[in-house]
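Visitor: One structure coming up, written as structure tokens, with questions to follow.
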């Protein structure tokens, strides 16, 4: 376990949660990577795995049977809640607070923000690729599959936007796994699925959008204790193939921000202004530069 994470006060843990939340809000930046830099990643994974879902059953039965009340207390004591509660509070505070700024940027500066995302996702794909140890032809076959799937789906995502609650549930289900993996961004998954703008808008308009937020969180919680374990198994058993697939997925998904940047630049009154194009290019380079700096800090740990 990281040396200093046990010594952190609740305030320090909360602030580390804030940094993770800010990262999780941006496609291409992984909250898991920030957790590694902050020295809390291992403790976070252990804390999540320490949560036994039976505690919910015990909690529901405890008003009718005292033995279940005792089991609830025992299960709760086994959870690293002194770490998880301030961390979750920091993450939630950052996401809710910064979502207003992201909402403003998405709808007022689409060329700049999507170009920024392009730079982040491009470098992110390279970082995931660098984590592959066995770069053999056999393992690499999953890469083109991920690329083609993402490239085709990106076109669908641009033309068809479905925001019904079952889709929101699935989005939360898939995004939470990426949020806790170093190098993979949960916001990228939402962006790829065509739900990112919608969820930012939902956060901005909360509490009116509470059904959307609740369904998303429900999908995330269920995934955290089910699908995330399957993903961990795949990374352990088929590490290289899984990372090749994810690398291809991210590269194929670049079609999405690229098309959005082009659409924004071709909007009436924009194409004639070369400064907007220059700003978009600078935004993309800035996104790439920021992620490179974050990775350099991670490697120094």
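Keep in mind that glycine also has a Cβ here, set from the backbone N, Cα and C atoms.
TrEMBL lists 12-38, 111-129, 141-162, 168-193, 213-232, 238-258, 270-294 with the feature transmembrane segment.
Please go over these features one by one and say how buried each is and what sits next to it.
Guide: The list of residues near the transmembrane segment (270-294) in space but at least 6 beyond its ends in sequence, with Cβ under 8 angstroms from a Cβ of it, reads 28-29, 33-34, 37, 111-113, 115-120, 122-124, 127, 261, 264.
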Visitor: Should the transmembrane segment (238-258) and the transmembrane segment (12-38) be scored as in contact, given a threshold of at least 3 Cβ pairs under 8 Å and pairs 6 or more apart?
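Guide: Output no: the transmembrane segment (238-258) is apart from the transmembrane segment (12-38).
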Visitor: Do any residues, 6 or more residues outside the transmembrane segment (141-162), come within under 8 Å Cβ-to-Cβ of it, and if so which ones?
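Guide: Here the qualifying positions are 192-194, 198, 241-242, 244-253, 255-256, 259-260.
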